[in-house]
DNA sequence: AAAAAAG
């Protein structure tokens, strides 16, 4: 079969044949090896810190496990991996699986991962075959059929497993997974040796508390403020809605005096204790719309020690933001509010529950975790808030959300906020809300007049350059891409083109997520390349352009992404770069989003491009890795207070925050 | 099919 391929196998969307890179060329471009006959990728994945630290950590922990008697099998397994002459195991696979908290790069990674595990699987088969023959010679006759069967079964098993994107070691058996949204937990408490991954797993202090990845966490502390209540606080727009005076005063201190439409619409009903279904774009002031009535109502009764209100959000960043915004209001009302989110240290959250929490702002996973550990008690929750309910009712989220909703007393008040009301949200509403009042402020369409929309048609070989020139504009830009790997790649390509850009996605550690977001807020990294993790709720001032390099999946996603710009009456543009094969899809999405705009054909360097988006040619030198890392490096002084005492002491969170957000406004 | 959400 040495015949050279005459006909090109595939074509680009503009009709020209696709270049088939050789193995060396692929490697030089940083791609992974082909599925057959590739070379080992010399420059594995991004993340200098991650790789080195994890490799070191792996070795450290390997020896610790040996002490515990887990090491021998683990080592044997790793040695087998090293013998694998495809050679990917050492350089990224095991390192990632030791340190990484979850599958990192979507399906492509999964596919590679499964291939990588092919070595293991082969061995397992070999072992089984040996068992087979050794045990019973007679059965050797139907060995072939048996092998086929086993292969099929194993393949199905693997396929089912891969559908589950919890980290490998935490998956439990298939049956466990079906019964519990997060799998069984009793294996892991005791610690066990996981044959599939060849790792020791379990509740070991070492792995939980000394893991450098885990230490790459951000922290959260409650905000303390002092307010003076004056007489005219009783007459402001908020007071008329029934908001308690201390909060009115605190809001005035922040320059917030008049309620937004959605707040005006929902606050009175919510204070009256009714179930509320609020529909409005993010950025329309939803946080206060549920926060103020919730805190007003809670302050009336004596604290019970266990949470009386839970606010549930789909992303950690959003939970953080809500907790930051509501924390000062809670303190002036004498209520204790705490953040309960994954990726962050357990200690402060556990301590908070020990001291007593009135309001928990939570992401689902960690809350369930604490619930199952018996740390959080939701049996006395009076008010339950679901933010971004349309996202929370996604297939992947729903089990966790209903678990929490079921753990909360059924007769409590429920406030549900959602940008849209589709079937899934409706189901949640019917199951958990009693006689809700619906308030709709913005429709599900793009109604902000300060926002302009552009659809740019480009040919494939121009896309990267057009992207880079737009990103090189003046001002803060968010670039949305579909996949985690895509954001990493685009951010890297932008830096190579001389544009300071960083990637934000759920595959990063929480600390890395926080740092890149902080650098973006400070303005030091003016371009943020993000997955849809940043599409909802995240508020950063002065984002003047949202660039979509991959089309959003739905019109909802379009509007959520668009909602990052043109906030609070500012100007903003939403620009979508569209390839020929995406035109139809994009036209549909834009139309459904209620946007009227004519697509424009653009080429790099053109006047139209510059006129519509402020694009500038990329003339600067590539951003060096060192320069970039310096901007997103951990800043210990932001996260550690002198003296060490947590939750006490003279330091005020306000001081800290001022420093952390240095330069945010210019 | 992706991303998000626990460690």
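The backbone N, Cα and C atoms fix where each Cβ goes, glycine too.
Curation does not apply to TrEMBL; its annotations are automatic.
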Range among A:236-264, A:265-293 that TrEMBL annotates as motif 'Q motif': A:236-264
Long-range environment of the domain 'DEAD-box RNA helicase Q' (A:236-264) - Cβ separation under 8 angstroms, sequence gap at least 6: 225, 227-230, 271, 278, 280, 284-286, 288-289, 292-293, 295-296, 299, 328-329, 332-333, 439, 441
Residue counts (helix, strand, coil, in that order) that DSSP gives for the domain 'DEAD-box RNA helicase Q' (A:236-264): 17 helix, 0 strand, 12 coil
Confidence summary (mean pLDDT) of the domain 'DEAD-box RNA helicase Q' (A:236-264): 90
